[in-house]
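As annotated by TrEMBL, repeat 'PPR' applies to 136-170, 207-241, 242-277, 278-312, 348-382, 418-452.
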């Protein structure tokens with residue numbers, strides 16, 4: 001994807017939107033100012049009628065703008081050292097200092113914050129070559145979490161073994177970060193292998209956070225049998241599930257349509273002293289019914305949670321807005337957004353993403369553009385989901401030239417390139433029946449080490465079938481099977497590597 005400068009739809013004619021005009025509550029604006037200290041040097045004028053005593057010759061490095069008399073006025077204590085006497089030496093030491101000491105760690109932190117995992121690893125390699133480098137747990141922790149979130153479990157595994165080779169003792173937190181990297185990519189066998197390795201280490205025992213990550217991975221894979229076994233392990237280790245753990249299981253049961261089990265877990269939370277329902281519980285339940293299009297059930301549960309004393313937050317309203325938008329209940333969607341304004345709840349990136357997604361699914365490019373422009377005007381930062389919705393929206397509207405412009409804008413704004421973003425571009429190519437461009441995007445996706453998922457393959461298979469390219473469908477299916485076999489072989493090799501972990 002190129003990074004050519006482009007302003008999305010800056011000159012397009014827009015129509016009024018059902019979205020209300022943004023306002024500033026209470027007429028207040030937050031103004032951030034920065035202050036810098038300043039030094040003042042006073043010099044004696046040659047025309048001054050005051051007779052100063054003869055000055056001493058100044059030593060090299062002393063400041064010539066102060067006389068002994070002026071210093072005595074500023075400092076009545078005798079024998080106190082001039083605070084700026086050696087300023088020239090200090091400046092010299094600062095100028096000759098190694099600039100890598102500050103710039104490399106700062107560059108690494110910046111790459112991590114921007115989720116640029118490839119650049120982060122490159123900068124980290126540069127950092128490791130510096131003389132001042134010392135392996136730190138916090139640095140490895142941040143990198144492991146970044147690689148897990150970017151869907152790079154292989155890179156996370158390699159980084160973990162490099163950490164051990166450097167002599168840094170793994171902790172339960174680092175093991176948990178590695179489990180999280182495997183879990184996010186749905187590699188359950190490796191995640192459980194690391195869990196078993198932790199159990200064997202007396203100083204790296206898993207905690208409730210470790211189990212919660214694994215439970216979420218099992219829930220996402222609909223492996224509820226493994227969830228029950230993990231609950232049993234937690235009980236054997238006297239680890240009590242907390243509210244976060246129960247919310248994860250609630251979400252899984254809800255998405256699987258197991259409403260009886262979901263209600264059973266919720267009743268258990270109401271009776272428990274360690275896992276009381278909270279705002280996340282409320283958001284989870286509302287999201288379940290909202291995604292299923294059951295807006296009436298969503299409204300009922302909203303009132304129930306309010307009766308429990310749980311107050312809604314911005315994310316709560318974003319969930320409700322998204323649910324109404326999917327059902328094309330635009331009046332209720334607008335009412336909730338106005339209600340947020342009245343309660344002084346700021347619209348966030350997620351708020352705008354929900355509205356953009358509504359118009360994207362409907363192929364309403366004009367209102368989608370209006371919402372995106374309003375989002376940027378209010379200073380909201382677009383994210384990957386924003387551009388995924390924009391690309392799909394333009395594809396649904398048949399405006400394929402604007403898909404290209406949107407991709408260019410994403411590159412200019414340094415939007416992280418992940419599987420979701422590539423999938424949206426592949427979807428647009430399939431909509432345009434441009435198989436050649438679709439294959440180019442697919443190749444770039446693999447070059448960028450973004451792992452294709454089921455959505456990627458299903459979209460491309462559909463495109464090939466519509467064009468009658470049965471040989472391409474066969475090749476793609478074989479590639480999919482080969483990738484699954486490669487992951488299986490990696491799992492076998494990793495079991496051997498796990499034996500090298502510290503015991």
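Just so it is clear, glycine is given a Cβ too, placed from its N, Cα and C backbone atoms.
Looking at which of 207-241, 242-277, 278-312, 348-382, 418-452 has the most CB pairs under 8 Å to the repeat 'PPR' (136-170), the answer is the stretch 418-452.
When pLDDT is averaged over the repeat 'PPR' (136-170), the result is 92.
Non-local neighbours of the repeat 'PPR' (418-452) in the same chain are 1, 118, 150-152, 155, 185, 384-385, 387-389, 391-392, 394-396, 398, 400, 403, 407, 410, 459-460, 462-464, 466-467, 469, 472, 483; each lies 6+ residues outside the stretch with a CB under 8 Å from one of its CB atoms. Secondary structure of the repeat 'PPR' (418-452) per DSSP (helix as H, G, I; strand as E, B; remaining residues coil): 26 helix, 0 strand, 9 coil. For the repeat 'PPR' (278-312), the DSSP counts in helix, strand and coil order read 26 helix, 0 strand, 9 coil. According to DSSP, the repeat 'PPR' (136-170) comprises 26 helix, 0 strand, 9 coil. Summarised by DSSP class, the composition of the repeat 'PPR' (242-277) is 26 helix, 0 strand, 10 coil.
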